[in-house]
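Features as listed in TrEMBL:
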TRANSMEM  12-37  transmembrane segment
TRANSMEM  44-66  transmembrane segment
DOMAIN    88-127  domain 'NADH-Ubiquinone oxidoreductase (complex I) chain 5 N-terminal'
TRANSMEM  100-120  transmembrane segment
TRANSMEM  132-150  transmembrane segment
DOMAIN    151-392  domain 'NADH:quinone oxidoreductase/Mrp antiporter transmembrane'
TRANSMEM  156-175  transmembrane segment
TRANSMEM  187-207  transmembrane segment
TRANSMEM  213-230  transmembrane segment
TRANSMEM  237-262  transmembrane segment
TRANSMEM  274-292  transmembrane segment
TRANSMEM  304-324  transmembrane segment
TRANSMEM  330-350  transmembrane segment
TRANSMEM  362-380  transmembrane segment
Amino acid sequence: MWYELFYDTNLLLGVLVFFFTAAFFFLIFNCLGLFFYRQWWGPLGSFFFSTTALILIIISLVFVFFTCLTNGTVWFIDFGRIFFLFDLFDVNLVFCVDNLSVMTSVLVLCLTLSAQFFGVEYMYREAFILRLIYLLNFFATSVVFLFFVYDFFLILIVWELIGLFSLLLVNFYSLRLYTIKAAFKTFIFSRFSDFFIFIVFFFFILVWQSSDLGLLFTQIPFFLFFNVYIGPCGINILNLLGLLLALSGAVKAAQFLFHVWLPDAMEAPTPASALIHSSTLVIMGIYLIIRFNIVYEFSYLGNMLLATLGSFTAAVGAISALFQNDIKKLVAYSTVSQMGYLFCGCGFLAYREVLFYLTIHAINKAFLLILVGYIVHFFTGNTDLRFMGGFYK
């Protein structure tokens, strides 16, 4: 019977690897097919091809998620070494299949599917609809890779790819002057996040001589009294890592002092905004904190920064949203406020509650932006709230 599968470990692992490999095969096949054959298929052909692939990927990952929940285990799938540098460090293509990675991946792919359904109807008569479809899928694929890879060198590479596709989506209407300014601002703030995460990678190589997260996480408690000195000043290495990871996540999650890029990034097409700048891209900063939660178990400075920055962001985002006339910027500042709640929750080590609230917020905000897109469409492209009204008719 089917339930006997859960008592046969070897058979279960084989089935899980099959579904997991099938999901990644469809992800890559979907991106390559959209990129090389988009002109031949046209908008509708690309839409149906991408939708079919995304549905198959979601079905495969839902089965993997059900398996992880049923067995309560974490699976590591190692595809071997892909890069090494003498005795300094080597990089293995390792995927971690646990509840966190599978749940966030299913969430992102479902949001991509809904944004794509909305995007094709919303932008069907535009000349660049094909570019929007394949950029959305490329972005979603790189985010899913970020959730699964378990080597910090690969996280660094995928982090850069996500920043690249985000920039291309924000700069979608590149003939507008304000769009170019918004894309440039998004690019600059993305470089801040990359700078902090690269310093973390540098310390991992310098102190641990490895980028394998499994090895790093097992050794972190033994570095509780390991200090880094810059001249006469010293700081604990775990506190330093907690602060750097928090700052890197704060830029992506649009926290206070780093939040100004998010309202300007609403220059992207409304389907892209629904997917990226209100649900998916801001998830990355929270995911980074949750994945490295063992660092924050020993980093009181990192937790203080998360709680303080999150509380300020929740207040500033909500107050700023009250004074907005642009409906898309209002939703953006609302997202900034909600990200503050999530960041503050991470500072209090409430990771399960944060993940639950993150899922609800992502789904809610994606559909809210889709509704905003229809309202803007109804008013022939106007986004100023002062020129709207008469919905009761």
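Every residue, even glycine, has its Cβ placed from backbone N, Cα and C.
Unlike curated entries, TrEMBL annotations are predicted automatically.
Not measured: the values here are computed from a predicted model.
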Quick one: do the transmembrane segment (100-120) and the transmembrane segment (237-262) reach 3+ CB pairs under 8 Å, ignoring pairs fewer than 6 apart in sequence?
no
Helix, strand, coil residue numbers for the domain 'NADH-Ubiquinone oxidoreductase (complex I) chain 5 N-terminal' (88-127) per DSSP?
24 helix, 9 strand, 7 coil
Can you see whether the transmembrane segment (187-207) and the transmembrane segment (237-262) are touching - at least 3 CB pairs under 8 angstroms, only pairs 6 or more apart in sequence?
yes
Counting only pairs at least 6 apart in sequence, do the transmembrane segment (156-175) and the transmembrane segment (213-230) share 3+ Cβ pairs under 8 Å?
no
Answer key: the stretch among 12-37, 213-230, 237-262, 330-350 with most Cβ pairs under 8 A to the transmembrane segment (362-380) is 330-350
Mind looking up the mean pLDDT for the domain 'NADH-Ubiquinone oxidoreductase (complex I) chain 5 N-terminal' (88-127) in the predicted model?
83
Outside the transmembrane segment (132-150), at least 6 residues beyond either end, the same-chain residues with a Cβ under 8 Å of its Cβ set are 27-28, 30-31, 34-35, 38, 43, 46-47, 50, 54, 76, 93-97, 100-101, 104-105, 108-109, 112, 115-116, 119-120, 123, 126, 158-159, 161-162, 165-166, 168-169, 172, 212-214, 269, 271-272, 275-276, 280, 283-284, 287
